[in-house]
Amino acid sequence: MTPLLLLAVLCLGTALATPKFDQTFNAQWHQWKSTHRRLYGTNEEEWRRAVWEKNMRMIQLHNGEYSNGKHGFTMEMNAFGDMTNEEFRQIVNGYRHQKHKKGRLFQEPLMLQIPKTVDWREKGCVTPVKNQGQCGSCWAFSASGCLEGQMFLKTGKLISLSEQNLVDCSHDQGNQGCNGGLMDFAFQYIKENGGLDSEESYPYEAKDGSCKYRAEYAVANDTGFVDIPQQEKALMKAVATVGPISVAMDASHPSLQFYSSGIYYEPNCSSKDLDHGVLVVGYGYEGTDSNKDKYWLVKNSWGKEWGMDGYIKIAKDRNNHCGLATAASYPIVN
């Protein structure tokens with residue numbers, strides 16, 4: 001092959017390999033990069049643009065179907081826009097479902113009229129939405145949020161607790177920092193350690209580090225934890241009578257990655273394969289019929305820009321959708 005012919009073949013191969021972008025997305029792409037402060041090298045830019053466009057088309061298709069009544073929730077482009085679903089799951093979903101020491105079993109209250117709606121934010125026992133960043137520490141945010149609520153109900157003081165303390169210091173109990181963990185392991189660490197520091201004294205860094213716990217800055221403690229039976233009815237009673245509850249869920253789907261508003265129902269969502277720790281802060285229903293369109297009100301740890309200001313409504317009483325009732329628990333605060 002002559003050099004000129006070889007050069008022509010190479011140029012043709014390069015041209016064929018270059019992604020063909022939809023030019024109508026140019027303004028949105030540049031705005032998205034500016035908003036989320038993305039800087040890429042040339043080769044990575046092409047790849048990330050291709051991923052972003054694929055996600056954008058999926059979102060547009062879903063929202064078109066929503067307008068036609070096919071779905072009960074909307075989707076929108078967000079900070080996860082240049083990630084494939086595989087990358088997204090690896091980076092932010094850090095719940096590690098495994099056998100572990102069980103806590104006390106939740107004793108459901110008898111002869112109690114359970115309210116049809118609950119929102120613990122209205123009682124002042126939920127801190128602002130936080131952001132775990134690119135660290136699989138969802139379990140730490142779920143655990144800290146649950147303990148924040150229990151401490152508030154005991155003391156009347158709402159103090160933001162240190163997720164970094166849990167990330168750095170609970171390895172002996174079985175947690176793996178940014179590589180995942182369990183809320184119950186976190187509660188066990190707090191019990192054995194004798195306390196948990198405040199977020200102010202031990203700020204979040206979104207990466208693994210050495211343990212820097214200082215007892216003089218501890219502002220919360222627990223004496224163990226309670227596991228809730230794997231039924232939505234039991235979870236409902238716990239949320240109504242105990243406070244915000246730590247739960248795990250299947251968060252592996254693109255529909256959740258780009259969730260925006262409405263009641264989330266994903267036909268492929270598993271009630272057993274759980275990969276993300278979150279916090280149930282209430283429940284309710286949309287419309288006028290309390291027996292329809294019911295949802296769990298869930299606080300996430302992906303920042304306020306995701307979902308409904310950091311929250312999501314997940315379908316309730318639909319066969320334990322996404323597994324919220326499968327691994328629910330809360331710390332014991334005396």
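Just so it is clear, glycine is given a Cβ too, placed from its N, Cα and C backbone atoms.
Per Swiss-Prot, the cysteine from Cys135, Cys138, Cys211 that shares a disulfide bond with Cys169 is Cys211. Here Cys135 is paired by Swiss-Prot through a disulfide bond, and of Cys11, Cys125, Cys146, Cys178 its partner is Cys178. Within 10 Å (C-alpha to C-alpha) of Asp273 (Zn(2+) 6 binding site) lie the following binding-site residues from Asp184, Asp227, Asp250: Asp250. The separation of Asn300 (active site) from Glu163 (Zn(2+) 2 binding site), Cα to Cα, is 14 Å. If you count neighbouring Cβ atoms within 10 Å for each of the recorded positions His253, His276, the highest count belongs to His276. Comparing the binding-site residues Glu205, Asp250, Asp275 on other C-beta atoms within 10 angstroms of each C-beta gives the minimum for Glu205. Among the listed binding-site residues, namely Glu122, Asp184, Glu199, Asp273, the Cβ with the most fellow Cβ atoms inside 10 Å is that of Asp184.
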